[in-house]
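**Q** Straight out of TrEMBL:
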type: TRANSMEM; residues: 19-42; note: transmembrane segment
type: TRANSMEM; residues: 62-86; note: transmembrane segment
type: TRANSMEM; residues: 106-127; note: transmembrane segment
type: TRANSMEM; residues: 133-151; note: transmembrane segment
type: TRANSMEM; residues: 158-178; note: transmembrane segment
type: TRANSMEM; residues: 184-205; note: transmembrane segment
Amino acid sequence: MAQAVEDWYKQMPIITRSYVTAAVVTTIGCSLDIISPSNLYLNPKLVMKNYEFWRLVTNFLYFRKMVSFLMFFMIPDLDFMFHMFFLARYCKLLEENSFRGRTADFFYMLLFGASVLTSIVIIGGNIPYLSESFSKIIFLSNSLTFMMVYVWSKQNPFIHMSFLGLFTFTAAYLPWVLLGFSVLVGASAWVDLLGMIAGHAYYFLEDVYPRMTGRRPLRTPGFIKSLFADDVVVVAQPVNVRFAPPPAEEFHQD
């Protein structure tokens, strides 16, 4: 079992492995009271006035605290495991398929999503009647995960899926199914909606807008590409292939 988990972990692509590792380490650190969530959450005032810029990153690493203990062992919360599954699965699917050989582009997608989510929360926190709702959103890790789910569903809309074995649907409806489930269990719909907004913004600017205008506004900056050494994906194509002529007897007519 341990060997299987180790092999699964090692097979993760670099961005997925790094993100999952950082999220798990952060959660364990908070569960053991080594790290305080109060030092991680997004607080625009502390970022600007106290220069606590790390909050712009750490609020995407904390999902929820592991609160269950059995003897001397920590038992991961089911909600935490649920979000870790979605993070590992859809982050890996995107990196290995849609962004295969384009690690820098995938990193830039996450950076774009994090920037959009942070901007929405900061702007929404200053709008009357919305500020109370946005002030409660202090961790955006779930929203960033939901953004990845949304982008994947847009790029793979015809894949058939099943929800808890109750009903089947195509991947295009996955974000809406998950949103409905969140509402049913009493979770905040804002978290999922923010992920859908960020995901749709990326999908439109990266896939739809370039087809409409021929321009690509989300071209990955060169300095980000220089951070990653992607393996070139080569598709072999036959060059100057010559086929032997058919046997002479095929042309023989009686």
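The backbone N, Cα and C atoms fix where each Cβ goes, glycine too.
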**Q** Sequence gap of 6 or more, Cβ distance under 8 Å, 3 or more pairs: do the transmembrane segment (19-42) and the transmembrane segment (133-151) meet that?
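**A** With 3 or more qualifying Cβ pairs, these stretches touch.
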**Q** Is the transmembrane segment (133-151) packed against any residues at least 6 beyond its ends, judged by a Cβ distance under 8 Å, and which are they?
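**A** Sequence-distant neighbours of the transmembrane segment (133-151): 23, 40-43, 59-63, 83, 86-87, 90-91, 94, 98, 109-110, 113-114, 117-118, 120-121, 124-125, 127, 174-175, 178, 188, 190-192, 194-196, 198-200, 202-203.
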**Q** What residues in the same chain, six or more past the boundaries of the transmembrane segment (184-205), come closer than 8 Å to it by Cβ-Cβ distance?
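**A** Same-chain residues near the transmembrane segment (184-205) but 6 or more away: 109, 112-113, 116-117, 120-121, 133-134, 136-137, 140, 142-151, 154-155, 175, 178, 217-218.
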